[in-house]
């Protein structure tokens, strides 16, 4: 095959590098330069300043950061709890039954987030479960959107745990609850932490559904960035974008490091 030849590997490396630079590095570099610019009327900024980052860490922008972290952690932890429960429950069924029941969790990931937001807005704007104008409606939307990815990660980890380990514990007289607490969950913990990292990053960057349903006082960072750029305040929006990217990456790196450490035990 071409990819196994030295020229093929070199060509693949060049293509991958070009795609990375064009579609990831350059846009991020432009956003960073914009966040530091005093004025940008030509090819390059005419001056640099940190005032946009100062604005991003004060007032409404700071509140948006706290709101994003609160919503992200709450929705991700609840999605993790439900994902673990669902993965453990589905393991009792056959392969075909697992496949069809898993689609219940995977379905929201196939629906545009705007459609999810609209559906939740209509469903919970009246009646006994009215949540419109509250934090709960945002948490519900984020949970629906990230639950599929959490369930997928946990299911993958659970599939890699040998059934023989639990069978040995059972043969030694361990109860189902003891096996779950002292055997299954400790072995599953690295995938649970990885699932938490993925769902948290997805929640932190969610815009489509949130912009339709967020209540006053719970503006998230993506919504704040959208509002700033929509008003033409590109530099402050760029600074807030860099803050969002940096915090999300730091959280993911920390959680993945924890997951790796747990996997080595």
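Placed from the backbone N, Cα and C atoms, the Cβ positions cover glycine too.
Annotated domain 'ABC transmembrane type-1' per Swiss-Prot: 65-253, in sequence order.
Annotated transmembrane segment per Swiss-Prot: 13-33 (among others), in sequence order, evidence recorded as sequence analysis.
Under the heading transmembrane segment, Swiss-Prot lists 69-89 (among others).
The transmembrane segment annotation in Swiss-Prot covers 104-124 (among others) and rests on sequence analysis.
The transmembrane segment annotation in Swiss-Prot covers 131-151 (among others) and is backed by sequence analysis. With a threshold of 8 Å between CB atoms, the same-chain residues lying at least 6 positions outside the transmembrane segment (131-151) that come near it are 71-72, 74-76, 78-80, 82-83, 86-87, 102, 105-109, 113, 116-117, 120-121, 124-125, 195-196, 198-199, 202-203, 206, 209-210, 213-216, 218, 220.
As annotated by Swiss-Prot, transmembrane segment applies to 185-205 (among others), with the evidence given as sequence analysis. Same-chain neighbours of the transmembrane segment (185-205): 68-69, 71-73, 75-77, 79-80, 83-84, 142, 145-147, 149-150, 153-154, 156-158, 161, 165, 221-222, 244, 247-248, 251-252, 255-256, 258-260, 262-263, counting only residues six or more beyond its ends whose CB sits under 8 Å from a CB of the stretch.
Remote same-chain residues near the transmembrane segment (233-253) are listed as 28, 31-32, 34-35, 37, 40, 52-53, 55-57, 61, 64-65, 68-69, 197-198, 200-201, 204-205, 221-222, 224-226 (criterion: CB distance under 8 Å, separation of at least six residues from the stretch ends). Under the heading transmembrane segment, Swiss-Prot lists 233-253 (among others).
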